[in-house]
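Student: Got these off TrEMBL a minute ago, pasting:
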{"type": "DOMAIN", "residues": "79-159", "note": "domain 'Cadherin'"}
{"type": "DOMAIN", "residues": "160-268", "note": "domain 'Cadherin'"}
{"type": "DOMAIN", "residues": "269-383", "note": "domain 'Cadherin'"}
{"type": "DOMAIN", "residues": "384-488", "note": "domain 'Cadherin'"}
{"type": "DOMAIN", "residues": "488-605", "note": "domain 'Cadherin'"}
{"type": "SIGNAL", "residues": "1-24", "note": "signal peptide"}
{"type": "TRANSMEM", "residues": "615-636", "note": "transmembrane segment"}
Amino acid sequence: MRITSTSCICPFLVCLCFVQRCYGAAHHGSIKVTRNQTKHIEGETEVHHRPKRGWVWNQFFVLEEHMGPDPQYVGKLHSNSDKGDGSVKYILTGEGAGTIFIIDDTTGDIHSTKSLDREQKTHYVLHAQAIDRRTNKPLEPESEFIIKVQDINDNAPKFTDGPYIVTVPEMSEMGTSVLQVTATDADDPTYGNSARVVYSILQGQPYFSVDPKTGVIRTALHNMDREAREHYSVVIQAKDMAGQVGGLSGSTTVNITLTDVNDNPPRFPQKHYQLYVPESAQVGSAVGKIKANDADTGSNADMKYTIINGDGSGVFSISTDKDTREGILSLKKPLNYEKKRSYTLNIEGANTHLDFRFSHLGPFKDVTMLKIIVGDVDEPPLFTMPSYVMEVYENAEIGTAVGTVTAQDPDAANSLVRYFIDHNTEEDSYFTIDASTGTIKTAKIFDREETPWYNITVAASEIDNPGLVSHVPVGVRILDVNDNPPELAREYDVIVCEDSKPGQVIQTITATDKDNSANGARFHFSLDEGLSFNPNFTLRDNEDNTASILTRRRRYSRTTQDIYYLPVLISDGGVPPLSSSSTLTIRVCACERDGRVRTCHAEAFLSSAGLSTGALIAILLCVVILLAIVVLFVTLRRSKKEPLIISEEDVRENVVTYDDEGGGEEDTEAFDITALRNPSAAEELKYRRDVRPEVKPAARHHPSSSLDSIDVQEFIKQRLAEADLDPSVPPYDSLQTYAYEGHRSEAGSISSLDSATTHSDQDYNYLGDWGPEFKKLAELYGEIESERTT
């Protein structure tokens, strides 16, 4: 079987097919193999071989992007078993079989039905087989072959990363690499020149160039200056087919920016400047600005300003504003038009970041001269001193002169000055000032011990221009005079022990003085000489502003005298000296042997009788024990008497409390109260069975007639008398309660308490005549009468 292809249609393809596939072919580059013998070489005998059937095949090629109306012929399959009688059937399977590629099953011709794109798929793998049409049995084994899509130049080069933005320093050498661009071509790089790209520059000459093979962009000029031109737009073209006519091309834009270098020195626009500054300008304030221009940008334009010489270098200073790159001129000392009216300064501006590659373009600094004119200003009066301190004695009379302040007009006019005190605080009202002379006087009497210092503010203004005011602080110190006598530093609690010895120090006292140390630092202590000699205590001046109190006798008795009073005289060393008298209270106390105070109260009297603390505690314990024994004896004796529990047969009246509710007037079973209402129903007096009475009670015989006549009040009196005379009454009180309502009312009783024992003869039939409102009441009482009758 052989495969015939007609893909070699162009001269180049014909040559390629001839080299690859057509060598020794009989028809269209097909390879033919005989069925049953081979040629023999001269001199050799003919050799017979077994007939061998097999495929004669090779690769097929099909052009991409075929646009013809008919299917494109690809090639032909042919088996050695095919006699041309149509008994052989060709079958094509694999990629695209039946959809892209179709085969004539009789002739074996293969056609492509669709336009193919090599950039999407470069080749197709298919399988061919020849079978017997009648038996459907394969005549040849299945064989694999490839159909390759042959490339044509249908894709232009593309720059995938464009457009580009790149920078290059200014003043760079010619040929400095800027950027490498790369274009890609989707065509087959192994076939022809379809994917062979060359680069060229369409825009950007003569400043930049591009390497046609590598796409590297370089500078094409020397010393490109950013200050002359900063931005460049370069257009690069990539063309396939090695740049030949008919090739496809693509382009991209490269935006190139020149970055700055320090190649320009700073320059002042002028060599001479003049600045006006009023003499009233405040020290530390900015009075002017100056700037040197620099064509560079960023840190290459940073500069520093300095004053290099001039007669105003000590009066003015200059600093650099980093944002605006300006020199800020400030005032270091106050200006005075009357003393100096102008200053001259030489100011230098220099770059701070230098590039030594361009040092030949320097120097990178510039100098200018600045003349400062001081302006005359009407100034407020100026005090001769920045502050004043004055003194005055306390207790000085009102109107006493304290001191004088002086101010002058610093201007050439030398106007008159007026003085006054700013009454902003209460202290300012304590002084007055003479408006013409500036003399300060007191307006009150001062006490140094109350306030030792005063602060006031004095103002001065020109008479011709009152709006210009200056102020000065004045401090007034109040001087001390000896007007306060010394006194004891505190209240002393002086204690002397009963067993003290003569000459023993019992207290050390000190004194204070409200005056300062110049009037009373030295105190003198003594006893009041006007009093008689003190035999109990004395005083000793220690000459260190303290004094000691000493005893004069050996023993003190609290029972005789428990408090002593000692007058002490204290004087200071001031001029004139002052003194005061204070009285010390000395208490007599009982002390331990080591001098510790035991007590100063009533216990000391017991101690004098010879009883110690331990003895007193023992006596108290004995008393408590005796009381406990007495209480216990009384309790046991009372517990031996008869029990308080009364038997059930004891009929003595007692208070009985019931918590249940009675049944009302109709309840006659709960409690029989007839005994209280009818004394004749009372029982005879019953005595306690557990105690035998020593005296028999008198016999009580009352006939029934007399009982009926006894009133309840008499009955209760009898009961009371019996209880008082009863010798068997226990030794405790007994509460006996009887209810007594008094004599029967003439109107009769409405109570039904007696209904249980007595019958009423009243007729209630008249209730039926009272109307329907009393019908129910009549029926109730009618039923009651019928029940009684029954």
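Placed from the backbone N, Cα and C atoms, the Cβ positions cover glycine too.
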Student: How many of the residues that make up the domain 'Cadherin' (384-488) does DSSP mark as helix, as strand and as coil?
Tutor: 5 helix, 47 strand, 53 coil
Student: Mind checking how the domain 'Cadherin' (79-159) divides into helix, strand and coil residues in DSSP?
Tutor: 0 helix, 35 strand, 46 coil
Student: Summarise the domain 'Cadherin' (269-383) as counts of helix, strand and coil residues per DSSP.
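Tutor: Going through the domain 'Cadherin' (269-383) residue by residue, I get 10 helix, 56 strand, 49 coil.
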Student: Quick check on the domain 'Cadherin' (160-268): DSSP residue counts for helix, strand, coil, in that order please.
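Tutor: Grouping H, G, I as helix and E, B as strand yields 3 helix, 45 strand, 61 coil.
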